[in-house]
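See structure below.
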There are 2 protein chains.
Amino acid sequence: MTVTAPQGFRAAGITAGLKASGNPDLALVVNDGPEFSAAAVFTSNRVVGAPVMWSRQAVKDGAARAVVLNSGGANVCTGPGGFQDAHATAEKVADELGIGAIDVLVASTGLIGVRLAADKLLAGVPVAVGALAADDAAGTAAATAIMTTDTVAKTAVRTVETPSGTFTVGGMAKGAGMLAPALATMLCVVTTDAVVPAADADAALRAATRVTFDRVDSDGAMSTSDTVVLMASGASGVTPDLAALTEAVTEICADLARQLIADAEGASHDIAITVTNATTEDAALAVARAVSRSNLVKAAVFGNDPNWGRILSQVGTVPEDVAPFDPAELDVSVNGVMVCQAGGAHEDPEKVDMAASRDVTFTIDLHAGDAEITLWTNDLTHDYVHENSAYSS
Amino acid sequence: MTVTAPQGFRAAGITAGLKASGNPDLALVVNDGPEFSAAAVFTSNRVVGAPVMWSRQAVKDGAARAVVLNSGGANVCTGPGGFQDAHATAEKVADELGIGAIDVLVASTGLIGVRLAADKLLAGVPVAVGALAADDAAGTAAATAIMTTDTVAKTAVRTVETPSGTFTVGGMAKGAGMLAPALATMLCVVTTDAVVPAADADAALRAATRVTFDRVDSDGAMSTSDTVVLMASGASGVTPDLAALTEAVTEICADLARQLIADAEGASHDIAITVTNATTEDAALAVARAVSRSNLVKAAVFGNDPNWGRILSQVGTVPEDVAPFDPAELDVSVNGVMVCQAGGAHEDPEKVDMAASRDVTFTIDLHAGDAEITLWTNDLTHDYVHENSAYSS
């Protein structure tokens with residue numbers, strides 16, 4: 001079950017011919033209402049794709065009736081012509097659906113710097129509209145059509161009971177393991193049949209992404225195209241309070257974020273970095289992010305080596321005004337074994353078994369406050385180097 | 001020729017037995033005067049080794065008579081016992097040389113979190129003192145004894161003519177290709193026979209490291225032990241002005257920095273990232289550093305792929321208040337071929353030949369000002385992953 005699980009949504013995934021592989025490459029998600037609240041969160045990169053430029057403007061009124069997504073080309077660094085391609089795609093979808101182009105969001109993923117085959121894309125739109133359906137198969141087809149180096153389609157659904165009735169949230173995402181990959185862009189569409197004012201949609205989506213996608217950092221590379229969209233149809237007639245909505249949207253985003261990590265390019269280990277007893281959440285996040293971006297730490301995990309010295313040296317790179325702590329008080333546990341206590345060696349690293357499972361946990365205790373966060377990353381492997389040295393050549 | 005090239009210096013490199021390989025692991029550089037000016041620059045990591053703690057204090061008076069350096073153990077995260085080991089090493093060198101321990105700097109490199117074999121280290125000190133000599137062979141022996149994953153010893157010498165006479169600057173360094181590696185720590189000793197007040201030594205060394213070692217960023221990992229020491233014997237009787245001294249020290253540091261990059265762990269390409277027409281040097285450096293830390297960019301270079309989209313997406317991650325520029329005006333050249341002009345595709349990437357040479361150049365024109373810098377990094381290779389996943393296991 002996926003974006004079509006909530007009432008009021010149809011989806012499609014078809015092959016427009018943008019990918020050399022001949023795999024599906026064009027997805028469409030349509031909100032049939034009765035309401036059309038929408039919100040979106042985009043990459044913070046200053047270099048952004050034409051679809052991001054278009055969609056940022058299109059979602060400003062808090063409404064959207066459709067999202068059209070393609071793989072096989074990111075439409076980034078493609079100049080005024082590229083923006084015209086994104087605009088023409090929205091116009092074509094709008095024409096076919098009998099709605100306004102300003103209610104159509106566009107998202108693209110693939111290689112940067114290459115114009116899309118706009119004729120194929122535009123010709124695919126009527127095919128996608130013709131394939132629209134509200135069933136599981138259609139939702140899965142859409143999730144499949146946005147895949148690039150992903151090995152599996154990523155979907156999630158939650159049904160939430162409230163005193164006034166039941167509402168459903170569904171979602172799909174693509175991205176080979178990173179929040180912010182430069183090429184394997186993260187795209188995500190979340191749908192709900194709850195009745196949601198646009199302001200609540202925006203608040204719930206921002207709260208959800210802050211603690212989910214923003215806490216996945218596979219390789220530190222920020223995309224030019226990352227897009228997360230929430231659309232609410234109101235078809236269930238149920239109006240949840242903001243807290244219930246936020247919780248449900250956060251669960252969907254967390255589920256999808258974990259699926260991204262689990263399918264990360266070339267990864268052999270998922271690493272959950274938990275930082276405890278920080279002065280603030282931001283301090284904890286800064287420490288976790290410093291560790292997650294160390295190639296030396298990540299290569300050590302690939303080698304099943306609980307190398308706490310590399311972890312500590314990354315923790316030490318965080319400026320004191322960002323994360324106050326005393327280096328002489330740091331504890332580090334790997335898979336639950338406290339290999340470093342008070343800044344020095346403690347339990348024998350030989351006690352840590354990293355080969356047994358894909359999952360690895362680091363727990364870093366700063367002994368400075370009571371804030372805690374968890375950030376997800378992956379190890380650095382030969383396959384990562386191989387995939388990313390061969391991608392466009 | 002190396003640290004013994006300037007008059008007034010002796011050096012030694014011997015095997016104390018700290019390394020399992022049985023390779024040389026203990027180096028000593030002694031300034032015989034008549035002057036003893038010294039300055040040092042250390043890692044900015046908050047987690048630092050015991051030798052850095054000791055040496056920071058010992059150099060505060062602007063004088064040093066000896067530097068003792070060991071490979072085979074970093075003496076980091078080793079608690080009060082580790083600090084005692086560093087102190088005892090300085091005391092032992094001082095005793096053997098008949099000087100004060102406060103005039104002995106200590107530097108160590110190797111694995112973090114493991115106590116040194118202090119008995120072997122201390123027993124090695126008299127052997128090193130006995131081997132001290134002012135000839136080339138002794139200088140080379142010292143440069144060899146500080147190697148870890150380095151494949152070659154790194155040395156440099158410059159002789160400078162001034163109106164009042166000739167002075168010489170010599171240097172040695174170790175570090176497998178990174179400014180700030182977590183394990184393959186950078187250590188560097190620069191010697192000169194010029195007459196140099198301590199304040200000038202400090203000013204010259206800081207100016208030199210800022211534009212040399214600080215502009216090498218092989219893998220973004222900041223060491224807990226990085227140490228660069230300058231000692232001046234005054235034995236030439238020549239007193240250069242600060243500008244001439246700074247220029248000579250900068251040349252030595254630049255030469256050694258390039259040798260570090262050329263010997264980077266697992267690298268197959270050296271990448272010179274030049275950022276031009278930035279508003280300030282700091283803005284240019286921020287852009288270059290963002291590019292140098294992208295695994296996607298570095299893996300593309302390993303694949304001989306001039307992937308300018310990955311470069312542009314990294315440039316776009318730099319906040320506008322750090323580096324003002326218009327993304328629509330960015331030009332990118334790889335090996336002199338302008339593959340991206342005004343933020344879009346330009347020359348055919350097929351025209352770029354990256355396979356022909358180890359050296360690769362990126363030129364990123366921000367069209368925002370007139371500041372320019374060059375930062376050095378390496379590609380990301382299978383060998384890097386292999387070396388760093390197998391290091392301690």
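Backbone N, Cα and C atoms are what each Cβ position is placed from, and that goes for glycine too.
Annotation comment: TrEMBL describes B:THR185 as active site, nucleophile.
As annotated by TrEMBL, substrate binding site applies to B:THR148, B:LYS174, B:THR185, B:GLU265, B:ASN388, B:SER393. Of all Cβ atoms in the shown protein chains, 27 besides its own fall within 10 Å of the Cβ of B:GLU265 (substrate binding site).
In sequence order, the binding-site residues from B:THR148, B:LYS174, B:GLU265 that place a Cβ under 8 angstroms from a chain A Cβ amount to none. Counting other Cβ atoms within 10 Å of each Cβ, the lowest count among the binding-site residues B:THR148, B:ASN388 belongs to B:THR148. In three-state terms derived from DSSP, B:ASN388 (substrate binding site) belongs to a helical segment. Classification of B:LYS174 (substrate binding site) by DSSP places it within a strand.
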